[in-house]
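Enquirer: I'd like to ask you about the structure that follows.
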Amino acid sequence: MARVLINIPREIHAGETITIRTLIQHGMESGYRPGADGNVVPRDILRRFTARFDDEPVFAAEFSPAIAANPFLSFTMVVAASGTLTLRWEGDNGFDQTETRRIAVA
Amino acid sequence: MKRCLLMLLCCLPAAAQQRRSSFEDMARETQALQRDDATNPAMLWVQEGEALWSGAAGAAGFSCASCHSAAETSMPGVAARYPAWDDARGAPIDLAGRIAQCRAERQGAPPLDRESPGLLALSAYVGLQSRGLPIAPPDDPRLAPAVAEGAALYAERRGQLDLSCAQCHDDNAGRRLGSSTIPQAHPTGYPLYRLEWQGLGSLQRRLRGCMTGVRAEPFRYGAPEYIAIEAFLMRRAAGMAMETPAVRP
């Protein structure tokens, strides 16, 4: 499992627009770099990020080889009521990681 | 002698005032990355270090926490006073060396190699507990020979470019080398996340980079020469705030 940091505001009021910030440990090997032996290192990157709030998609992103290692991603969403945020990163070589966080409105 | 003293009196306070971390010379965006733990990629390694700290390993099933309890209470200030004297070996030891020693000899867990993800993670986690604290090298006369050796290595010209550390980091600090500003070489933030590395690295990795940069043969990881240079650099940076885990370009 890759290490993930997810930053969610502590106190949230119903109807508020909040910013979610995420960081995931991933090498994002571009597929263009020669390795120590001179051969190109095969591509190994994250391809897609999706965020759902109680099964409703709230944000998605496609990644490309030009994105740096350990990608940081930030997006905003409106929270009407408490629910569960599901974040999923999918990538090359079967990479698939899902994290869930409870979001409670005050 | 009199002139020497006068020069010392004139230069020392000025030099001390002008000391600055290379944090100051970074782009605003890179500074922002370091300032906020939610964006600093090094915090991913810190998280790993925290897990290693509290996870049992080795035959006796000890974790670091079994002997040291919470790092937040036992480790503040520790990273700020390394390298220290190691009684067992009768030699100076750096923080990574101490952690590796504790892990192999006291915890009885599989050893962690220099620059391995686990040792970097533990070093970052222990180092974080000193963030913001002043660098405070131990007042131990047994370390004096290492500090002197470090000062000599720092002043020695090396490599095909025949340059010493001092020629860049004292004589030309603040000027540019290609696209980078030459820093004063204060070891305030290690281990740190370097954008060029796309990962976390130790001070020794940084020093290797400076050595291969002048086309000199770097020392092997863990070599006493690196520990001597670190002992000298930490003394030179005494009183400056620890930044571990920092971010650098």
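Note that Cβ sites are derived from N, Cα and C of the backbone, with glycine treated the same way.
A quick note: this is a predicted structure, and the numbers were derived from the prediction, not measured.
The feature active site, cysteine persulfide intermediate is assigned by TrEMBL to B:CYS210. What TrEMBL lists as heme c 1 binding site is B:CYS64, B:CYS67, B:HIS68, B:CYS102. According to TrEMBL, the feature heme c 2 binding site maps to B:CYS165, B:CYS168, B:HIS169, B:ARG206, B:CYS210. The domain 'Cytochrome c' feature in TrEMBL is assigned to B:145-237. If you look up TrEMBL, you'll see B:1-16 marked as signal peptide.
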Enquirer: Just to verify: the residue among B:HIS68, B:HIS169, B:ARG206 with the fewest other Cβ atoms within 10 Å, which of the binding-site residues is it?
Expert: B:HIS68
Enquirer: Mind tallying the domain 'Cytochrome c' (B:145-237) by DSSP state, helix then strand then coil?
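Expert: With helix first, then strand, then coil, the domain 'Cytochrome c' (B:145-237) has 40 helix, 12 strand, 41 coil.
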Enquirer: In terms of DSSP three-state secondary structure, what is the assignment for B:CYS64 (heme c 1 binding site)?
Expert: helix
Enquirer: About how far apart, in whole Å, are the alpha carbons (Cα) of B:CYS168 (heme c 2 binding site) and B:CYS210 (active site, cysteine persulfide intermediate)?
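Expert: Between the Cα atoms of B:CYS168 (heme c 2 binding site) and B:CYS210 (active site, cysteine persulfide intermediate), the distance comes to 10 Å.
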Enquirer: Whose Cβ lies within 8 Å of the mean position of the Cβ atoms of B:CYS64, B:CYS67, B:HIS68, B:CYS102, the heme c 1 site, other than those residues?
Expert: B:TRP53, B:PHE62, B:SER63, B:ALA65, B:SER66, B:SER74, B:ARG106, B:GLN107
Enquirer: Quick one: which residues besides B:CYS165, B:CYS168, B:HIS169, B:ARG206, B:CYS210 have a Cβ within 8 Å of the heme c 2 site's Cβ centroid, in sequence order?
Expert: B:ALA185, B:LEU207
Enquirer: Using a 10 angstroms cut-off on Cβ to Cβ distances, just flag whichever of B:CYS67, B:CYS102, B:CYS168, B:CYS210 is the loneliest among these recorded positions.
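Expert: Selected from the recorded positions B:CYS67, B:CYS102, B:CYS168, B:CYS210 on minimum Cβ neighbours within 10 Å: B:CYS67.
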Enquirer: How many whole Å apart are the CA atoms of B:CYS165 (heme c 2 binding site) and the residue listed as 'active site, cysteine persulfide intermediate'?
Expert: 8
